[in-house]
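Working notes, beginning with the structure itself.
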Amino acid sequence: MRLHRLTLTAFGPFGGTHTVDFDALSAAGLFLLHGATGAGKTSVLDAVCFALYGSVPGARQQPGATLRSDHAPRHTLTEVVLELTVAGRRLEITRAPEQLRPKARGSGLTRERARSELRDWDAAAARWRGLSRSHQEIGEEIGQALGMSKDQFCQVALLPQGDFARFLRAGAEDRAKLLGRLFDTGRFAAVEEQLAQRRKAAQHDVATADEELLALAHRMRQAVGDPAELSEGPGATAATTDPVSAPGGAALPGQRAGMSATPSSQSPGVGTPATAKATGGAKSGGHGAKSGGRGARRAGGGAEHAERTALAPGDAGLADAVLAWAAQARGHARERLTSAALAAETARERHSTAVQRLEETRELARAQQRFARARQRADELAAAAAERDALRRRLESAHAAEAVAPALRLHRTARDEHTRAEAAERDARSLLPEALADAPCDRLTALEREAGQELGALGAAREEEPRVAGIEAEVRRLDAESRADEELLAEAEEWLAGWEDRRHALQRRVDDAQEAATRAERLAGRLHPARARLKAARRRDAFAAEIETAVEALQRAREQAAEAKERWLALRERRLRGIAAELAASLSAGEPCAVCGSPEHPAPAREAADHVDRASEEEALAASQRAGEARESAHQRLAALRDSHATAATEAAVAPSAAEAAGTPESGPEAAAAPATRPAPAARTSPHGGRTPTREHPTSGSTPSTDAPGTDAPSTDAPRLDAPSVGALAAMVEELESAHAHAHAQAGTAHQAREALAAAEREFQERGVARQEGERRAAGRVSTRDALQRERASLIERLDRARGEAPSVAARYAQLERQAALLSGAAQAAQAAQGAAAHLAEARAYRSEAARQAGFDSADDAARAVLPASEQRELRERLERGRVEEAAVREELADPALAAAAARPPADPETARAAAEEAEGRLRAAEAAHHAAGSRVEALDELGGRAVATARRVAPLRAAYDRVARLAGLTAGTSAENERRMRLESYVLAARLEQVAEAASARLDRMSDGRYTLVHSGERTGGRGRSGLGLHVVDAWTGAERDTATLSGGETFFASLALALGLADVVTDEAGGSRLETLFIDEGFGSLDEQTLDEVLDVLDSLRERDRCVGIVSHVADLRQRIPAQLEVVKSRAGSAVRHHTAPAPG
């Protein structure tokens, strides 16, 4: 990478635009960058870094820091342009940071976003070619071309002040941080971190599995139950241990002797406290009930010789302790299960005996009760024997009456039919005339037949009778239509007679409306400009008042800005006079001076009584800048107001029209308003709208200020513009609005007038057609009316003959129809009554014969003996129940067992039931104990199996943990096997440091005249320190190897310089990027004597052998005599500037 040209604009201390020509400076291979302290030497390097990477090194890029120069004008934007050649390509990078700039319109500031641009030189076309404007793309392109990050570039290309001297004396950890950034060894640190995380995860897996074992042990303790049953089991204490009843002495893993196994918050490791009595060589066994006692004794014997140790999750031996205690617990549980089974069997036998005794007692009580009830029921049956005999006789009579039942039913039916027939005959005859009430049936039938024949003759006449009413209605309709047509014809004649006058009137309305529309359009065209002029005149007057206020505000802002700047310059001058005392205040004994580099300070300057510190100067500068911004804002506001006033005045003014110039009179309201809007020609328009002379306000210079209030007066060479007053324009607008409103309202009736004319023309056509239709209809109605009158006369003659004395044919027909129906009903009722009487006589004879044959004295006796089937069934069932009950009672009384039970003493079931319940309670308790013992055994077997499975799962987890923990300890340098306590990343960096030391020694040997070389040391830096990044110096004069901290100030300088140059070579080769052909060295050359300085400069000059350009940043005066090519940074109140020198500067 070689730099060609750097252009800075408003960057750092540089207020203007300055260009650094690196091609001219690098022609000699070595150049000097010098200047006063604070002039901006480092800012040149910052600009190079900002152009390449978009940011500056170190604390100068902290939040709140700005790259913009405080000396630059507001309109000048900060920008850096760098031309360089990298990887055979000539590139141009342009960058501008985010900054505030004046707004394009109006006053105030707006934020300008950061921008970047990358171009390369097209040699064939001899022009720059744009590549990208994206920050990200440009950063990736530059990073790939250079092959290093910003930190690496700042470390190897911009060798910073004092960094390598500190690196030379730093410890292993500090060196590791710097080398890690330069050589990108983060991947090795990532390996260390990954192994540490895997170790932590494996440790967590082992601890989790051990916690599962402890949880299973705690559940087994809960399953064991009574603490007294097992020595030092879950919940047992040393005070309650019974060595006789509880063989074995192994404590539950996860608890101390005499403590519960519940988790505690004081756990080491993962969180569950666990202590146990470790049994040496105890097996996880669990051989069950077969060897329970022997296993318990064996465990107890082992426990007597075991050593009590604390076992936590993750400790070895925890699984064996848990499994040994589980085997002991299962043996005790099986012994308790056997005892519970024997107790349950005994309780079951006693309960069976008590239940059998209860059943026998209850059976005896039931037999005694049955015998007593049978004797009582036998007595009751004997008392009811007479009632049963009466029921039996009643049932026999009902059975005999069943043969007479059909005759009885037939008689009842015939009697009911005869009664109904007689009633119907009486009702039918009551409706007949009195003369026919007692007529025989034949007479009634004959009269019915005659009435039917007469109805047939009246049928045709009845159908024709409604036609008469229809004819009369039709005649009335024709009369009504005739009258309506006559009225319609009369109205049409009258309307058509006045048609011409009506049409002419409507046409005049249409013409008037169209003329008003044209007039409204013309007035609207005049009204809009008049309104615009009125608004402009009002704005003009308002701006004139604001201009007066703005002029006063600008004058005050100028005075305040001048006062603030004078005060700042005065304070700055006082501070510069005492700057030596201010620099002396930061001196320390033995530390080099920032100006001359000397570590001795014999007579430091003292502060004067009126000394101004930096904070006061910066406060005054900030106040001056704020006052300047306020002045600029006031100036911009005044300019904006003047522009707005001029625009409004132009819009409000109007040039004389051609009609006015020719003297042509104008009609309408505009002509009336025109004279009032023309002021005298000689008047000049001031910002207030009045007539004022032109004023000038001279400033301190010879040129009038553009801010003077009088400079906005119009030129006398401009064409004459009228400046009408607001009142005159308002009156003209009001009169135009009134005329326009009247014309617009009249024009609005055009559509209505055209619609009215069209409607009238349509009505004219419709009335003509209606008149013709009316005349045609009147001719047709005359013939229709004559035919209807003839038809009506013929019908009336026929109907009069048919109705006789009745009011109408229909009435006559209804009268005959009703009479025929009454005669028919009476005849049918008489015939039915005669038939019913004959049927009743036959049924009566049949009933009497049936009763006699069944053995009854009369038919009435037989009727009384009849019973319904349901009653007969009920009687038979009652008799059958009585018979069955008598047989059962006799059978029970004859049973010898019941008789023998009755002879025994009374039974007592309650006493027997109480004894059985007591035995049942004992049985339930015993069975519950047996079931609990069985559940305990099952639970312990299941939990023991799970504990064995968990212990098997822990084994590979522990092996994996041991393996990864060993690797993590080795890479982290914490393992005892890593004797040098060197981390993996440090090991890699040690190799790089060895390369750096070798490259640096080549230059240090020449700088020190063959005395010193740098070597890498792998020794540890202390009892607990780590090794691998040590750096020693070998003194060829003494043959001793010593620490770099023992070098003197001058020796430290050229050693650190050699180290920086060697590091630059190694980092560039390691990164694989472009070779650095331009280097900057910002180190303290003031600490070197003349001979050493010559040797250092010879080494730097030898870098040209590799076609490199080296820039030395220093303010040491002796270097100006030794290095011809120079870039001087000069500071001033207006900001710093750069100057190029190609010849030695004067002494």
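Going from the start of the chain as shown, residues are counted 1 onward.
For all residues, glycine too, the Cβ spot is worked out from N, Cα and C.
The annotation domain 'Rad50/SbcC-type AAA' is assigned in TrEMBL to 5-188.
What TrEMBL records for 224-307 (among others) is region 'Disordered'.
Residues annotated as compositional bias 'Gly residues' in TrEMBL: 282-303.
Annotated coiled coil per TrEMBL: 348-401 (among others), in sequence order.
According to TrEMBL, the feature coiled coil maps to 496-574 (among others).
According to TrEMBL, the feature region 'Disordered' maps to 591-728 (among others).
With a cut-off of 8 Å between Cβ atoms, the residues of this chain six or more beyond the compositional bias 'Basic and acidic residues' (603-617) that come close are 568, 571-572, 574-575, 577-578, 580-585, 587. Look at TrEMBL and you will find 603-617 (among others) tagged as compositional bias 'Basic and acidic residues'.
With a cut-off of 8 Å between Cβ atoms, the residues of this chain six or more beyond the compositional bias 'Basic and acidic residues' (628-645) that come close are 74, 102, 106-108, 539-540, 543-544, 546-547, 550-551, 553-554, 557-558, 560-561, 564-565, 687, 707, 712. The compositional bias 'Basic and acidic residues' feature in TrEMBL is assigned to 628-645 (among others).
Per TrEMBL, the feature compositional bias 'Low complexity' maps to 646-687 (among others).
For 699-708, the entry in TrEMBL reads compositional bias 'Polar residues'.
Among the features that TrEMBL reports, region 'Disordered' is placed at 766-785 (among others). Same-chain neighbours of the region 'Disordered' (766-785): 475, 478, 481-482, 485-486, 488-489, 492-493, 495-496, counting only residues six or more beyond its ends whose CB sits under 8 Å from a CB of the stretch.
Annotation source TrEMBL lists coiled coil at 785-833 (among others).
Per TrEMBL, the feature compositional bias 'Low complexity' maps to 896-905 (among others). Long-range Cβ contacts of the compositional bias 'Low complexity' (896-905) within its own chain (Cβ-Cβ under 8 Å, at least 6 residues beyond either end) map to 364, 367-368, 370-372, 374.
Counting residues per DSSP class in helix, strand and coil order gives 30 helix, 0 strand, 5 coil for the region 'Disordered' (896-930). As annotated by TrEMBL, region 'Disordered' applies to 896-930 (among others).
Residues or ranges marked as compositional bias 'Basic and acidic residues' in TrEMBL: 915-930 (among others).
Away from its own ends, the compositional bias 'Basic and acidic residues' (915-930) comes close to residues 337, 340-341, 343-344, 346-348, 350-351, 353-355, 357-358 of its chain (Cβ-Cβ under 8 Å, at least six residues beyond either end). Within the compositional bias 'Basic and acidic residues' (603-617), the DSSP-based counts of helix, strand and coil residues read 4 helix, 0 strand, 11 coil.
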